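> Below, the features straight out of TrEMBL:
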SIGNAL    1-22  signal peptide
TRANSMEM  38-59  transmembrane segment
TRANSMEM  71-89  transmembrane segment
TRANSMEM  162-183  transmembrane segment
DOMAIN    213-399  domain 'Major facilitator superfamily (MFS) profile'
TRANSMEM  217-237  transmembrane segment
TRANSMEM  249-268  transmembrane segment
TRANSMEM  275-296  transmembrane segment
TRANSMEM  302-321  transmembrane segment
TRANSMEM  341-361  transmembrane segment
TRANSMEM  367-388  transmembrane segment
Amino acid sequence: MGIGGRWALVFICISLSFGSFADEAAQVTFALRLADNTSSVSILLAAGLIGGILSGPIAPMIIRRIGPSKTIPAVFLLQALLIAAASLANQFWSYVIVSMALGSTGSLQWAAIMVAIPSYTNNERHIDRVNRITQSVRNMGYVGGPALGGLLYGMAQRSRGLLLLALLVLVAAPVTALCFKVLDSFSQKSDQAPTQEKQKGRLDLPDLFRTAGVIRAVAPLLMTVVLTSTLNVLLIFRIRTELQFSAEIYGFVISALSVGLIVGPVVFSGMLARFGDAAGASIAASIIGFGILWLALSDAAWIIMCAAFLIGSANGIQNALTASFMMKAIDPQRRVNLMPAYIFCIQTSVFLGFLSAGMISTAHVSMALVAVGVATAIIGACGFALNVKNRPSMVTKGA
């Protein structure tokens, strides 16, 4: 890939960061509009998760029909229209519908990205590098998006903040489309495209888990996602209720977690990737478990922040390494069907984790966190044992 192709990748990452920031900022803006009603905020958050799950069955059909490089800018355009419509409607149910649609389009876009990355190169090192950068860029939205949403909500009254967000996403659409055209001109497409077009796009979970090595690699991630999703809910009760720390301390802890999510994929993934993508992801799961245990047993704010950074870093590493494994292990002719199935499994696991957290009494938060930490560490250790030799070569041709 020449210099032009590399610059195209840079601008694609910048555009993806726009989308990531705007998506999170829109959710925060909606929540701030509904801050006087906690049940409304809960419905809003649940709508985003449900939308992500519902995108699973339709994502393969869309990606198959128009291709991943056209799906990504199309999603930006649709998201811009949705956010602009919500700003004009200014009603509770419009926010819920748009939140669900944003969750759905976000999952569709991420599935398209996972299909697109390995279609431009068969070099495993290039795939790893681009995937890790993309993961970190995506995670930037979790850090900057809420801040951007709060800033625009405070500076621009009523609908203006959402309109500015819509404009931000709208700019990303043509930039991304142009950059993909540049990438296409610098890349040699493999000969699987005609074969792919003859196949029907559909969500294929059985085929995903029949793929060699996939179930061993993905199972530890999915179990970890369920457990760590409960952490996201329980953390506020641990810090604010049990330890009675200030809201500022809670903010610092969440910031440490978020910074870890950004830093982990780019800076630390290479160290664990030496054991293999699947085995390294399982090691990261064990590190997450130890971090949760450390957080649950500590009562010093700075130690909890360090534990949160460790958890965030390991979480980012696990996501990046598992994604790299999937890009290499899945037959190119089946990526359009199986990558959305993989995203569907992750979204469902997140939703199950949030449901599980709601069943835990606030009187047993520390005990629950200890149990989650121990369980996650054990899952990671078992996953490492199962995946230590699970190193499939890059699949470049259809079976």
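One is the number of the first residue shown, and numbering goes on along the chain from there.
Cβ coordinates come from backbone N, Cα and C, glycine included.
Neighbours and distances for these, please.
Same-chain neighbours of the transmembrane segment (38-59): 27, 30-31, 92, 95-97, 99-108, 111-112, 202-203, 340-341, 343-344, 347-348, 350-351, 354, counting only residues six or more beyond its ends whose CB sits under 8 Å from a CB of the stretch.
Counting residues 6+ beyond its ends, the transmembrane segment (162-183) has Cβ neighbours under 8 Å at 4-5, 7-9, 11-12, 14-16, 18-19, 21-22, 25-26, 29, 69-70, 72-74, 76-77, 79-81, 83-84, 86-87, 116, 120, 148-149, 152, 156 in the same chain.
Panel annotation: around the transmembrane segment (341-361), residues 46, 49-50, 52-53, 55-57, 59-60, 107, 110-111, 114, 203-205, 207-208, 218, 221-223, 225-230, 232-234, 326, 368 of the same chain, lying at least six beyond its termini, place a Cβ under 8 Å from a Cβ of the stretch.
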> Okay, the transmembrane segment (249-268) and the transmembrane segment (367-388): do they have at least three CB pairs under 8 Å, pairs separated by 6 or more?
no
